[in-house]
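Engineer: Feature table excerpt (Swiss-Prot):
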type: COMPBIAS; residues: 76-88; note: compositional bias 'Acidic residues'
type: MOD_RES; residues: THR21; note: phosphothreonine
type: MOD_RES; residues: SER49; note: phosphoserine
type: MOD_RES; residues: THR54; note: phosphothreonine
type: MOD_RES; residues: SER58; note: phosphoserine
type: MOD_RES; residues: THR85; note: phosphothreonine
type: MOD_RES; residues: SER484; note: phosphoserine
type: MOD_RES; residues: SER493; note: phosphoserine
type: REGION; residues: 38-88; note: region 'Disordered'
type: REPEAT; residues: 185-229; note: repeat 'WD 1'
type: REPEAT; residues: 253-293; note: repeat 'WD 2'
type: REPEAT; residues: 296-336; note: repeat 'WD 3'
type: REPEAT; residues: 382-422; note: repeat 'WD 4'
type: REPEAT; residues: 427-467; note: repeat 'WD 5'
Amino acid sequence: MNRSRQVTCVAWVRCGVAKETPDKVELSKEEVKRLIAEAKEKLQEEGGSDEQETGNPSEDGMQSARTQARPREPLEDGDPEDDRTLDDDELAEYDLDKYDEEGDPDAETLGESLLGLTVYGSNDQDPYVTLKDTEQYEREDFLIKPSDNLIVCGRAEQDQCNLEVHVYNQEEDSFYVHHDILLSAYPLSVEWLNFDPSPDDSTGNYIAVGNMTPVIEVWDLDIVDSLEPVFTLGSKLSKKKKKKGKKNSSADGHTDAVLDLSWNKLVRNVLASASADNTVILWDMSLGKPAASLAVHTDKVQTLQFHPFEAQTLISGSYDKSVALYDCRSPEESHRMWRFSGQIERVTWNHFSPCHFLASTDDGFVYNLDARSDKPIFTLNAHNDEISGLDLSSQIKGCLVTASADKYVKIWDILGDRPSLVHSRDMKMGVLFCSSCCPDLPFIYAFGGQKEGLRVWDISTVSSVNEAFGRRERLVLGNARTSSISGPFGNRSSETPMES
């Protein structure tokens, strides 16, 4: 598959979160040497020290380079005269034979006419220059306004993988790449979080990245040109350990790729990760270590999400065609399972109906479930292929958007538990890998796929969407409730929406 413009995962950052003027990294020679040394050490630890034949440049190639770089030699005396000079006819045609003659004395008055001109120090000071130069535009684009959203996407290029940080501003109709971050491995999932592990208990603007390795990287979005993450969770197994068959313990982290991430907004130091090693790990980011490892699935865990209002409640979906619901205070004893017709691709909580969640499968179905019941509320045959995007509008109740490997995005009205198709569109992006709704703008969605990079679509521009949802009340979620927490998860004294 061509990787030239693949976008594999995407996440939004709310307005007003990012630093207005991001910091730029300026490394000293000593820091560069340290980073190079650490990179070499990691390669050696992973058993990647096998030398590759690079070869020296061939003498013919070096000779060719020298030939191209050699200055042109003067022509020999025996060369014909017309190869070195223009003939008289050409001189006459362009009046070049009089080029060195002094000009008309009347032309000296031109200098007098310039005496009245005003010279400005820069174009900013000249009132007649209304067009801004490139540097001014670059300076303005570098600043992040309070009305700007950030969109962070994982991108797989032909020869490298990176994070792209885009700026989106609906009011100004602007959308551009602000900066990018070079990644060490193929990105599979991204999750925004504001937890800062530093002792001062401040908040930050971070993005956690799951990739084809067991290591989760956490990057600071307020720093441009950074070469290493702020911190990492987990570690890679060296080739020597893999050959010995030594399995990494849950105390160290995952042993395979990290397929999905979910940050707990109520217990801010907790991050959940789903892995191809069949486990879910709850990370205590304040310690940089796993707090718990959940092993209830029998195949790769592809998706998971914390409940938006209940800190201890988590759902996960797996290749084993099941969804698990956990109480993270005692996950092994307190969990519930549902079985489905296909592998689970995505799960998401319905933030308008806290007892309900949605699950999508690789055979094109969407299931709406009540966490207190065994049977689904409805089953929707939504697509002809796996459903990789499953996103409820951030503010419009009943507005569901699905994205699929069948190349289509579909918009559904599921209000009243009777789903109806509102609009369907071929995005011309090939296989669709991911989607996400803007937290501040309920009709703005971002999509990533096999080609055409990152796409942002305002679905309200579709007349049928306007008819279905245009007059529907917008429900803005308030701040989540918090309570004092003694450990990774604390007992909550108040009654929870998940309780019947």
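Note that Cβ sites are derived from N, Cα and C of the backbone, with glycine treated the same way.
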Engineer: Quick one: find which recorded stretch in 253-293, 382-422, 427-467 has the most Cβ pairs under 8 Å with the repeat 'WD 1' (185-229).
Structural biologist: 253-293
Engineer: Look up THR21 (phosphothreonine) in the DSSP assignment and report helix, strand or coil.
Structural biologist: coil
Engineer: Once the chains shown are all counted, how many other Cβ atoms turn up within 10 Å of the Cβ of THR21 (phosphothreonine)?
Structural biologist: 12
Engineer: How do the residues of the repeat 'WD 2' (253-293) split into helix, strand and coil according to DSSP?
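Structural biologist: Residue counts for the repeat 'WD 2' (253-293) by secondary structure: 0 helix, 22 strand, 19 coil.
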Engineer: Quick check on the repeat 'WD 5' (427-467): DSSP residue counts for helix, strand, coil, in that order please.
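Structural biologist: Going through the repeat 'WD 5' (427-467) residue by residue, I get 8 helix, 17 strand, 16 coil.
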